[in-house]
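A.B. asks: Before we start, here is the structure in question, set down as structure tokens.
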Amino acid sequence: QKLVVADAVGALRASFLLVGSTAGMLALSPSLFAVSITTFPAATILARTMGERMKARQREVQDALAGAGAEAERALGNIRTLKLFAAESDAIGRYSGRVEAAREQAEAVGSAQALTEAGVGMALQASLLAVLAVGGQHVIDGAMTYGDLSAFLMYSMITGFSAANLASGYAELRRATGASERVIRLLEPAPADMEQRGDTRFDEMLIPWRDAGRDATLGGT
């Protein structure tokens with residue numbers, strides 16, 4: 001729900017802002033635009049790599065939570081047996097272990113998302129500093145006015161914020177994908193049963209019986 005309502009809307013808004021600010025940067029100075037996008041490939045590779053890792057980790061989180069739920073259900077369903085053998089502490093230990101495993105996987109997902117957002121933000125800040133340095137030299141050389149440089153920096157900041165929002169939305173998408181895969185597998189319809197016939201056939205049966213004190217056998221049936 002959060003992905004559809006909040007993250008998708010934010011990603012769409014960021015996409016429009018990114019397109020508009022990119023067009024403004026190209027109109028002001030194509031050379032500075034080329035400088036500003038030098039860090040984008042690294043940010044894109046980082047976001048994609050960490051996104052795949054978050055997807056796998058989130059799948060493990062869901063599996064761990066399912067294991068914890070199954071352990072709790074098994075313990076509650078056999079509570080009398082646990083009390084009879086005084087095994088409550090063992091059941092609690094198994095459940096706590098599975099919950100702890102789920103928590104560790106969730107922390108790994110959070111760390112990966114934080115690293116993604118920090119890496120993308122650092123790349124964009126480096127791009128802004130490079131634009132400021134090169135643009136300042138253009139102003140000194142008279143190839144660019146202060147106003148144009150200020151406008152370009154403003155567009156660069158809008159581009160950076162929009163790209164960061166897109167990276168955050170992509171991270172949430174990968175997390176949601178990893179979490180929903182298990183649910184989708186559970187909701188998939190079971191394969192149809194193979195067609196079975198109810199015919200019964202007996203070949204070469206031997207039926208023994210007694211007739212007038214004699215043993216006889218009916219065969220070839």
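The backbone N, Cα and C atoms fix where each Cβ goes, and this holds for glycine too.
Nobody curates TrEMBL annotations by hand; they come from automatic prediction.
Features from TrEMBL:
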| type | residues | note |
| --- | --- | --- |
| DOMAIN | 1-175 | domain 'ABC transmembrane type-1' |
| TRANSMEM | 25-47 | transmembrane segment |
| TRANSMEM | 120-140 | transmembrane segment |
| TRANSMEM | 152-173 | transmembrane segment |
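Looking at the shown structure, can you explain where the listed features end up?
C.D. replies: If you look at the transmembrane segment (25-47), the same-chain residues 6 or more away from its ends with a CB under 8 A from one of its CBs are 116, 119-120, 123-124, 126-128, 130-131, 134-135, 138, 144, 148, 151-152, 155-156, 159, 163, 167, 170-171.
Sequence-distant contacts of the transmembrane segment (120-140) (same chain, at least 6 residues past either end, Cβ-Cβ under 8 Å): 29, 31-32, 35-40, 42-43, 46-47, 146, 149, 152-153, 156-157, 159-160, 163-164, 167.
For the transmembrane segment (152-173), same-chain residues at least 6 beyond its ends with a Cβ under 8 Å from one of its own Cβ atoms are 2-3, 7-8, 10-11, 13-15, 17-18, 20-22, 24-25, 28-29, 32, 36, 40, 43, 47, 50-51, 54, 113, 116-117, 120-121, 124-125, 127-128, 131-132, 135.
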